[in-house]
Amino acid sequence: MNWLEERMPGIGRIAKDIAEHPVPSHTLNIFYCLGGLTLLCFIIQCLTGVFLAFYYKPTPEAAFASVQMITNEVRFGSVIRSMHHWSCQLMILLVFLHMLRVYYTGAFKKPRELNWVAGCFLLVLSLGLAFTGYLLPYEQLSYWASVIGAETANTLPVIGPTLKIMMQGGIKVTAEMLSRFYVLHVMILPAITIGFLVAHFIMIRVQGISDPM
Ligand code: HEM
Ligand code: HEM
């Protein structure tokens, strides 16, 4: 730390401020851990997702075969894939439970309204990540689930038909649908999620955790 402090004066104070921040006693229970556990799942998703991306091929011809190869041939491939799969299910469950904790403790009220709104974006982003990831193995179930998703988007007033075409790459499903979902899944949505998470945590730090009811 001294070595760093000499080169970047002030960094020790920031590290001390983070490490020595007291935890309010009323938050020492499982319900206040749900946000942190959601974050842990997101970190696991990013780490295991990068390993999957080393072998995954986002084309209609090769996607399913590459996922089969990850499962059957790549060393620890099935473990990494299972971790990605189950941590996704857990993340969605935990984010809803976290939202319920915030709601039932009234933590969305003044001055935390903006953080509730940031949280709503995080909820939609988490669902978007799970939805776009679902198509990637390109098996019957994932293909038709994405078609249903695109048709559901189609029913939205005004923007519906355009949204469907943007998702599928045309009136009918095209090869672009997989490329688009892949780019959304591994680049755009994780990057936007990280941005909202930073804002979420800065607001929590500035406002402090809400008082007990
Ligand atoms: C990826 C999703 C999310 C992550 C990783 C996350 C993470 C966290 C963490 C670590 C905390 C600290 C306290 C705690 O854990 O309970 C927190 C607090 C908070 N979160 Fe989230 N959150 C997410 C989604 C949401 C959603 C969906 C909402 C609501 C719509 C929300 C609203 C809030 C609010 C208002 C607080 C302040 C609570 C208080 O002061 O008691 N968050 N979040
Ligand atoms: C919160 C974040 C994420 C969620 C909820 C999520 C969810 C999913 C889901 C549900 C699947 C389908 C898996 C299956 O059925 O076996 C999947 C596949 C995949 N994900 Fe993610 N993912 C996330 C983040 C990432 C990130 C950050 C990357 C890469 C940088 C990534 C890369 C992949 C790849 C390559 C696949 C296809 C391989 C396979 O199906 O096993 N994911 N993801």
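Glycine too: its Cβ is placed from the backbone N, Cα and C atoms.
Record features, source Swiss-Prot:
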TRANSMEM  30-50  transmembrane segment
BINDING   C33  heme c binding site
BINDING   H84, H185  heme b 2 binding site
TRANSMEM  88-108  transmembrane segment
BINDING   H98, H200  heme b 1 binding site
TRANSMEM  114-134  transmembrane segment
TRANSMEM  184-204  transmembrane segment
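Sequence-remote contacts of a segment are chain residues at least 6 beyond its ends whose Cβ falls under 8 Å from one of its Cβ atoms, and for the transmembrane segment (114-134) they are 38, 42, 45, 84, 88, 91-92, 95-96, 99, 102, 108, 142, 145-146, 149, 181-182, 184-185, 189-190, 192-193, 196-197, 199-200, 203-204, 207. It is 20 Å from the Cα atom of H98 (heme b 1 binding site) to that of H84 (heme b 2 binding site). Sequence-distant neighbours of H84 (heme b 2 binding site) (same chain, 6+ apart, CB under 8 A from its CB) are I44, Q45, T48, G49, L52, G133.
Cα of C33 (heme c binding site) to Cα of H185 (heme b 2 binding site): a span of 26 Å. For H185 (heme b 2 binding site), the same-chain residues that are 6 or more apart in sequence and have a Cβ closer than 8 Å to its Cβ are L129, T132, G133, L136.
With the fewest other Cβ atoms inside 10 Å of its Cβ, the least crowded of the binding-site residues H98, H200 in this structure is H200. When Cβ atoms from all protein chains are considered, those within 10 Å of the residue listed as 'heme c binding site' total 15, not counting its own.
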